[in-house]
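Participant: Could you have a look at this structure, given as structure tokens, before my questions?
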Amino acid sequence: MSGDWVRPGQALIWVIWIFGAIIEGSVTEEPHRYTKLGWVQGKQATVLGRLEPVNVFLGIPFAAPPLGPLRFSKPQPPIPWDNLREATAYPNLCFQNLEWLFIYQNLLKVSYPILGMSEDCLYLNIYAPCHANNGSSLPVMVWIPGGGFETGSASIFDGSALAVYEDVLVVTIQYRLGIFGFFTTQNQHAPGNWAFWDQLAALLWVRENIKYFGGNPDSVTIFGNSAGAISISSLILSPLSADLFHRAIMQSGVAIIPSLKSSDNDLKHDLQVVANVCDCNVSDSKALLKCLREKSSLELMSLSQKAKSFTRVVDGSFFSEEPLELLSQKTLKIVPSIIGVNNQECGYILPVRDTPEILLGSNESTALTLIHTLLHIPTQHLYIVTKEYFHGKHSPTDIRDTLLDLFGDVFFVVPGLVTARYHRDSGGPVYFYEFQHRPHCFQNSRPAFVKADHTDEIRFVFGGPFLKGDVVMFEEATEEEKLLSRKMMKYWANFARSGDPNGADLPPWPVYDENEQYLELDVNISTGRRLKDQRVEFWTDTLPLILSASKALLSPTFSLILLSLLSPVLLSAAS
């Protein structure tokens, strides 16, 4: 993943392009930039409210295509080129089930460009103010997209508005998804975590090349939502990420979120499923890997529907131990961080996919059945959850709202707050937020009870109201929402510049210290203190202690929840 990739035969061509670029100046409709692999030609775009255009470079390779023998392998250095490379077309999507990408497009009221799909997908896009050039040394913000590690793309996000309004470079990256990104034989033949290795390769490319686009390689902030935020939280815990980034923003996702780890039994079962398809002995990893590398992309996609337990693993390299253990041992990269959640993470997008029936309303019996099924809390102990969450709740809508809040607490809010405490106690400055605004564009398309749902903050961070290109992120934004978007872009960019989101003309954002103050992001921004403190205590203290005292047999999934959330209590008691 390292080394000098310059080819001597390129020298004369580069001299010509350098001379041409000097004559042409930094502001041009066809910006040219040097990289260690060869020259690239981008294009320019504009955003609403700004005269200055933004330079856009699409589809720059940061690794060799992971095809053939490189499938289920660590990413290799990209292949250099001799001629000027056009970087004006969107790269292919990484292989994924397109059905949900299209469904999300409708549910989120966004529009994406037409994109191809291929395993040859390890590319990144760059958005830079047109004045940015070698020596500008602007802050760099690298977006790692989400999508449950199953869907997503660099090209469904447009960094133009954030770049030109805040004078930063925005880079959006791609990484392998699903079985392509996480298949493992649980040994040295295919240790797994390919998606995380892809992210490391992209960050290495940024470190070695971003200065030629006007970015500062010593001021790189990684930010992302959902699976992207989980990736960032994971990169913070990996020893391999040293010097690749300097600040981190985690939007609705951290590495200790329950359900990220599959049980050993599930992995063994799915390996056997794969072996049966390949007509191989499951113990013959080399033969199994050879068979899988000969399968078509579509065959692997079909196989992934039968074998869904391939997720992140402790491989002894990217992860030396489980994320919770690394956090508790303070084995993490100490960087300034922003961690945040939305005030109804499981309000609509997530349940409409997995449990749409509860959106119409629920009774207590149905709610408890879902809790038992999804969280594996023993039936005899569901009364504890009933007392905490459903006391005094009788109407179907009240029970539904409470149930959705419970799932949001378990999967996003409590893990986020627990992670923030670990980061704080490890010595890194932490800022926490709760996004609370329901976007106006959903006025007629979402149920009225839905507040700020999962991913709703993204359109504000990217300046969605000001975009006018192929990616439409926020039509029908109100004037108040445009102002909120400006403020959020400013907070995020200030943090990318200095590690502190505060700045002139912005409501103060307190650091997340022992007082646990946080920012409430809405059209009227305010601060709060000890977000959902009672719920955090319930999931990290009350319920685990009762279950432990009763010696209840816990499922692997729920054991992970309890371990993830109880450890801060146990550690503080031991200290």
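Using the three backbone atoms N, Cα and C, a Cβ is placed for every residue, glycine included.
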Participant: Can you sort out which of Cys94, Cys278 is the disulfide partner Swiss-Prot gives for Cys121?
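Facilitator: Out of the candidates Cys94, Cys278, the one Swiss-Prot links to Cys121 is Cys94.
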Participant: Please report how many Å separate the Cα atom of Asn134 (N-linked glycosylation site) from that of Cys121 (disulfide bond), as a whole number.
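Facilitator: One finds 27 Å between the Cα atoms of these residues.
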Participant: So which of the disulfide-bonded residues is most packed in, judged by how many other Cβ atoms lie within 10 Å of its Cβ, out of Cys94, Cys280?
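Facilitator: When each Cβ's neighbours within 10 Å are tallied, Cys94 tops the list.
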Participant: For Asn524 (N-linked glycosylation site) and His454 (active site, charge relay system), what Cα-Cα distance in Å is obtained after rounding to a whole number?
Facilitator: 20
Participant: Around the Cβ of Cys121 (disulfide bond), how many other Cβ atoms lie within 10 Å? Please give the count over every shown protein chain.
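Facilitator: Within a 10 Å radius of the Cβ of Cys121 (disulfide bond) lie 27 other Cβ atoms.
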Participant: Using Asn363 (N-linked glycosylation site) as the reference point, find which of the recorded positions Cys94, Cys280, His454 has the shortest Cα-to-Cα distance to it.
Facilitator: His454
Participant: Please tell me which one of the recorded positions listed here (Cys94, Cys121, Asn281, Glu345, His454) sits closest to Cys291 (disulfide bond), measuring Cα to Cα?
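Facilitator: Minimum Cα distance from Cys291 (disulfide bond) across Cys94, Cys121, Asn281, Glu345, His454 lands on Asn281.
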